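Novice: Here it is: the structure, laid out below.
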Amino acid sequence: MIHVLSNGFYRFSEWVMRLALLNMLWIGFSAAGLIVFGLAPATCAMFAVTRKWAMGNTDIPVFQTFYTEFKKGWGRSVILGLILSLTALLLYVDFRIAAVCFLDQPAVISLFISLFIIYAIILSYIFPIYVHYEMNQIEALKYSFMIGFARPLVSFLMIVSAIGFVLLTLFHVTCLLFFSGSALSLVLTKLAFRAFRALDVRHETFMRE
């Protein structure tokens, strides 16, 4: 019994250290790139690491893997980040205008809420898809939209998880520093893999028929 408990504690400690190191790398490399040129590449590198973990490769060197992925995909990741950021900014500005000019028209407000939900779904899937399938930016955006609506339950769980992590980090600075990005990345990756596997099985079944 004691041996089982000690092994469990050791594995738990290992995961805490892995996640904390990955999160600090994510924050550090994002800041080094002045956010604009660092956040998206660091996020892609972080998801590349959690992808390997989710696939069972838990003994990879975290720093080396992160740094390699950061360098390899820096340019493409910056473009992806700019697309996502400009889209979010456009949605926000349009929503603020609509909230002032069309406040008495629920259909317009409902349209923007729907657009925000679509954006949230795409944002939840985009990084797991981008690092897993190695698509270009436009293909990854399209595939995120398609999978997001093909697997609504998984999409719902991903959005709820993201909201939960954001709320948690607002109240606990420790979580912000050590687990805000890495833990959420691991959760989103594992959930995305469920959607990927389900769709891959359906595709293989269809091809056999």
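Backbone N, Cα and C atoms are what each Cβ position is placed from, and that goes for glycine too.
In case it helps, TrEMBL gives these features for our protein:
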type	residues	note
TRANSMEM	20-49	transmembrane segment
TRANSMEM	78-95	transmembrane segment
TRANSMEM	107-131	transmembrane segment
TRANSMEM	143-165	transmembrane segment
TRANSMEM	171-193	transmembrane segment
Novice: When you scan the chain for residues with a C-beta under 8 Å from the transmembrane segment (143-165), skipping those not six or more beyond its ends, what do you find?
Specialist: 118, 120-122, 124-126, 129, 133, 135, 175, 180, 183-184, 187-188, 191-192, 194-196, 198-199
Novice: Report, as numbers and ranges, every residue of the chain located at least six residues beyond the transmembrane segment (171-193) whose Cβ falls under 8 Å of a Cβ in that stretch; write 'none' if there are none.
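Specialist: Hits for the transmembrane segment (171-193): 18-20, 22-24, 26-27, 43, 46-47, 49-51, 53-54, 124-125, 127-129, 132, 147, 154, 157-158, 161-162, 165.
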